[in-house]
Amino acid sequence: MPSLSRLELQHFRSYRQASLQVEANRVIFVGANGAGKSNLLEAVELLGSLRSHRTASDGDLIQLDQTDGWIHGWIGTDGLEHIGLHLRQRGGRQGLRNQQPLSRQMDLLGAFRCVCFSSLDLALVRGEPVLRRQWLDRVVVQLEPAYGDLLSRYGRLLRQRSSLLRRHGGACPHHHLTALLDAYDQQMANLGARLHRRRQRALLRLNPLARSWQKRLSAGQEVLSLLYRPGTDLPPDPADRGNQALLAWQGALQQQLAHQRAVELRLGSCRVGPQRDEVVLQLNGQAARRYGSAGQQRCMVLALKMAEVDLVAQVSGEAPVLLLDDVLAELDPDRQLLLLEAIGQQQQCLLSTTHLNHFIGAWRRDAQCIAVRQDGEGSMLSPLSVRLIQG
């Protein structure tokens, strides 16, 4: 999988303009909190996944005094292939490939794969179910780029159907409304079953990898299990029965949508579908969300992320670029060492930190170290200085 050879930003977050030539597989961004280190990793994440782990709004990504922002990346050892995103306050974003606009930004998916691990991911274990769904969806997109389109189409249908339910909340369904909901239900059952199936398939492959990492990180003392719990009653064992299973899931979802229609109309919200799925994490057979200590939860998140890296590498044939956003400070020294040792020489890794003393000598010696600091008085409107640290 292509690695990143150059990154250019314009009017992105705290950067008016920045250009970075990547000269090593290991790149360490060093700077004070708030300097803009995370913004660099977020830009790379957007190129690889079209998503940010920090915000869902493109407006947050563009400088306050600007209407547009740009992210450009050159990938591959020769750095000749260009991918980019044109972010707009109005009109949506535009994907770019080899300097040419794409009709769909989704066509960028698969050109450049990355896995991001930030301190925000520590909420994966204890946080709300939506965080674990979003994590699993990001994994599936890396494995099957077309999943991003399925997810987008389902989300659009869900918003439209929910709006319809709110507008007619409490009303007795008339013929036109019934026909409209029937049409929505058929489409949502079709897309929902495909989302369910891909989520479960990915989780079945992640489970042994995460279990292996948890065992390694806990010196064999802990067993981590990942369970997929659909938000709708569905036939069992769907991942192993081909198209019959998919049709069975579609039928079950459509039946549940019809059964819940009166309740949904009364409440004005959709209560059936993959938006209610749960990824259950168990540690030694107990619900990790309730019983895991803070240290155990950090260890579990690290196991999940390293399992994600391994699975993406298995499916794509090459290791994804690993983005570590200030996570070393969240780990104890032993796990810091395990993480750094687990990152192979051939895998590209970009990470941020406030201090270089987290890194073992050999790791730091082989890395390209970049200082990130605020120019002037630290205003977000000022450009950030990015310079190479020698030695």
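Cβ coordinates are placed from backbone N, Cα and C, and glycine is handled just like the others.
Since the structure is predicted, the reported quantities are computational estimates derived from the model, not experimental observations.
Taken verbatim from TrEMBL:
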type	residues	note
DOMAIN	4-65	domain 'RecF/RecN/SMC N-terminal'
BINDING	G31, A32, N33, G34, A35, G36, K37, S38	ATP binding site
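Averaged across the domain 'RecF/RecN/SMC N-terminal' (4-65), pLDDT for the predicted model comes to 91. Fewest other C-beta atoms within 10 Å: among the binding-site residues G34, G36, that description fits G34. Other Cβ atoms within 10 Å of the Cβ of A32 (ATP binding site) number 12 in total over all chains. Counting residues of the domain 'RecF/RecN/SMC N-terminal' (4-65) by DSSP class, helix then strand then coil, yields 16 helix, 22 strand, 24 coil. Counting every protein chain shown, 22 other Cβ atoms lie within 10 Å of the Cβ of A35 (ATP binding site). Same-chain residues at least 6 positions away in sequence with a Cβ under 8 Å from that of K37 (ATP binding site) are, in sequence order, F29, V30, G31, D325, D326, S352, T353, V372.
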